[in-house]
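Written below as structure tokens is the structure these notes are about.
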């Protein structure tokens, strides 16, 4: 927690995540009388931890919560939503879905006892942070440690699978079967516990595949929880959700080759007032195809405009001058190969399929 004293001496804690606030708002607004509820949130979060790659003390996060879920098929639907988001961002192929179950209360109690017995005889081998977690009773959190000193001890720890109740085991099998039927690749990671203590049943992380990174970042992560509503004065309620750090996604997006093509439209010097409106019209047609389009404004020399297109790392330059205007066409130049083609205005809606995609 990012906690400090303000000028009046009051202790202030900054918001560490969005789930608790969502649950409190639903409870206070009496919005849990009709279930299920599907909500999303976005905002700044704060955690007082050592800044490192992909971890910041202040960060932007968005997330979703499905409130009032009992069926394992809901878990599958929420996981599919995260999968779809990553695909829309062009990042799914660079991630790996890890899932696990923390079972029901009976399962967790038995597993915590087994872990307590295991770690108690190996405390001196653990990092100071993990020893502190043991003393505080946060035994499951030891499995979440990223400290290299803890890894050998954790790798030999008892597996949760051995302590699952029949109900918890069958529920998790249904989640896995649902994902398999939908063709979603995943890894069952029996050491995955997530960092917050309120999780139960299904937990998951979409983790980067980058082999060069010693600590792999989770891009989307979340799981089921049922006791959070109790902590704000309500009744036990099973929910599931996930969250993603926008800053982290932006960081990784710079490392992933973009599949989006960009173009720069140059209006050649002309006495006609018709070129600029036509350039705007062409730009909109190209943008409708999902292309990034930059427009030249002003009367800069052609050489300077080409330098601008190069600085913007545009893949193509589109020329529109008096000659092109009279012929109802544009001239398109591939900035990498230098090849040029003319395309009629009537065929602009096919520019991606006819010109750009074949060149990739």
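The backbone N, Cα and C atoms fix where each Cβ goes, and this holds for glycine too.
Automatic prediction, not curation, is the source of TrEMBL annotations.
Not measured: the values here are computed from a predicted model.
Here TrEMBL has 17, 18, 19, 61, 65, 194, 198, 199 binding L-histidine, and the candidate from 47, 84, 87 in that same listed site is 47. Secondary structure at residue 17 (L-histidine binding site), taken from DSSP and collapsed to helix, strand or coil, is coil.
Largest Cα to Cα distance within the recorded L-histidine binders 17, 18, 19, 47, 61, 65, 194, 198, 199: about 21 Å as a whole number.
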